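To start, the structure itself, in structure tokens.
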Amino acid sequence: MAALRRTPPLAVVGTYLAILAYVAFALFPLYWLLKIALTPERLIYSDGTALWPSALTLENFRAVLFATDFLAYFRNSVIVSLGTAAATALIAAAAGYAFSRFAFRGKRLVIALMLVTQMFPLLMIIAPIYKIVAALGLLNSLTSLIIVYTAFNIPFATFLMQSFFDGIPKDLEEAAMMDGCTRLQALRKVILPLTLPGLGATLGFVFTAAWSELFFALMLIRSDDTMTFPVGLLSFVSKFSVDWGQMMAAGVLALVPSCLFFAFIQRYLVQGLTSGAVKG
Amino acid sequence: MAEMELRDVRKSYGGTEVLRNIDLRIGDGEFVVLVGPSGCGKSTLLRMIAGLESITGGALLIDGAEMTDVPPRARDIAMVFQSYALYPHMSVARNMGFSMEIRRRPETERRGPVDAAARTLGLGSFLDRLPRALSGGQRQRVAMGRAIVRDPKAFLFDEPLSNLDAALRAEMRLEIARLHQRLGTTMVYVTHDQVEAMTLADRIVVLNGGDIQQVGTPIELYERPANRFVATFIGSPTMNVLEVAPSRDGLRLADGTPLPGPGTARHIGIRPEHIALAKPGEGIAATVEVIERLGSDSNVHCEIPGVGPILARIRGNPDIRPGASVGLVPEKDHLHYFDASGTALPGMAM
């Protein structure tokens, strides 16, 4: 049997070559980002498209960290992204649970409206949003970004969470309630632990979306001390030149929290936790 | 242990009534099986007793106390689900002791009942495992163990064996019967499998289309079905029902065979095991179509010309072949009579 099932060596090599080609293709932009960040300023143009820099330096990183406002941008982005991720996950989890478990009047309408909000180009609504935020006196504040990002991410995050709740058999909560739980206890002790992969996915999705958002941040933020990282990145572009080395170094640094965040939540992203709950 | 009473209980979803006029008293320690075809409302009725489904009208009393609107956690009832509904992120031990955990019993106190239940169910060596590492039968046992540790006034079972294979189902059926004998707790059990109903129940409640058709002991239902539905639902293989017309001295089949019985009967029923094979010319003339030989018995499927198919269950292994002409002799005192509405009529057997 084992002999029959053994894959020909050529196929194995082919499979790995294909995977390698795909990984190289996907990671190349990241490599290029790192390469430029490590290339000394004077060699950026002379090295051109050479795959390996002729000299290495950490000067760009030092300049970004100590000679620019990068750390402030970075801190602002962390606050906005974490705030957005937390607020969105909380609201989307509650809404997703309600959509998944309860039948109530107007449910279809609310779902339809949430879908409709996803259909408008951002450009169309930036002006009204700007007016609302200005009227609330929230221009130039990180709070405005958290509110706007949360509002924009909730529909998708809710549908995502709903699909995770749908995947958890209703019998489990009912069993918990028969065991003596209130609905909230059943939710907290039985359903929530099983939804962690979903919650992790939602947090990751929203965090990344907020981390890389440029459009609203550009419109709603003017002052240096409330700029988020994507807006701050633009300060490396001046009227006559682009400081490629520092810009790429900032880009590399900006990847760090995203990577850390995913490293932290990836164990919750592991699926298959609900297997064995019910028949099968 | 508990007595339960359902008084004129109704259930409707929107304008659709799925259960009506449910009056049922379940005695302390009784094993009652709710049985009926798919969609008859049996699971809904069980879930209403559990509190997982609201009661539209009428009242539910447990030990004389009104429970109609009391939430499930306050009814002191345990339920075993068809899907087992084990908490997948908890070990077998924690699954079984979860009801005590919710009631804030310390872990040292929980261990005793969990271990005892695990021992009786043969789960002792699985206590640290997660449900996904168990087989279907073991999961079923854990679900039962969880209900036992709960130490409830009554157990509810919602088709607990329907996901198991035939051999395991028979084994678990016996396990449940033992459990009932040992604990003596009131049990309400839903199934569509009438073998489970017949073997487990003190009393069977037959439901169809949202109404109770008959309540009685398995033997009562088998021997004195209240109507054609119960007659054909209870018993395996099912009862033969043949159309009859009144005649001068009783009834006759469409082929003219005379039969005794009340003139108002429109159908007669006869169980396959109450028909004997005779030589052609005796009894009702029929042709053998198929013979299923089961070893101890044989199911002889026949066709009565002009009347329709009929099944006879004969002990042993009769020497006949498909296509043979035979006579069928029904045992007269096991004939059942039904009027035009399907209600059983007192006949010679009653």
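Note: Cβ is positioned from N, Cα and C throughout, glycine not excepted.
For A:74-265, the entry in TrEMBL reads domain 'ABC transmembrane type-1'.
TrEMBL lists A:12-34 (among others) with the feature transmembrane segment.
TrEMBL lists A:78-97 (among others) with the feature transmembrane segment.
Note on the transmembrane segment (A:109-130): residues 99, 139, 148, 152, 154-156, 158-159, 215-216, 219-220 of its chain, located 6 or more positions outside it, place their CB under 8 angstroms from a CB of the stretch. Under the heading transmembrane segment, TrEMBL lists A:109-130 (among others).
The transmembrane segment annotation in TrEMBL covers A:142-165 (among others). Note on the transmembrane segment (A:142-165): residues 76, 79-80, 83-84, 87-89, 91-93, 95-97, 99-101, 114-115, 117-118, 129, 133, 136, 191, 195, 197-199, 201-202, 205-206, 209-210, 213, 216-217, 220-221, 226, 228 of its chain, located 6 or more positions outside it, place their CB under 8 angstroms from a CB of the stretch.
Annotation comment: TrEMBL describes A:186-211 (among others) as transmembrane segment.
Within the same chain, residues 30, 33-34, 36-37, 39-41, 44, 59-61, 63-65, 68, 70, 74, 77-78, 81, 200, 203-204, 207-208, 211, 229, 232-233, 236-237 sit at least 6 positions outside the transmembrane segment (A:244-265) and bring their C-beta atoms closer than 8 Å to a C-beta of that stretch. As annotated by TrEMBL, transmembrane segment applies to A:244-265 (among others).
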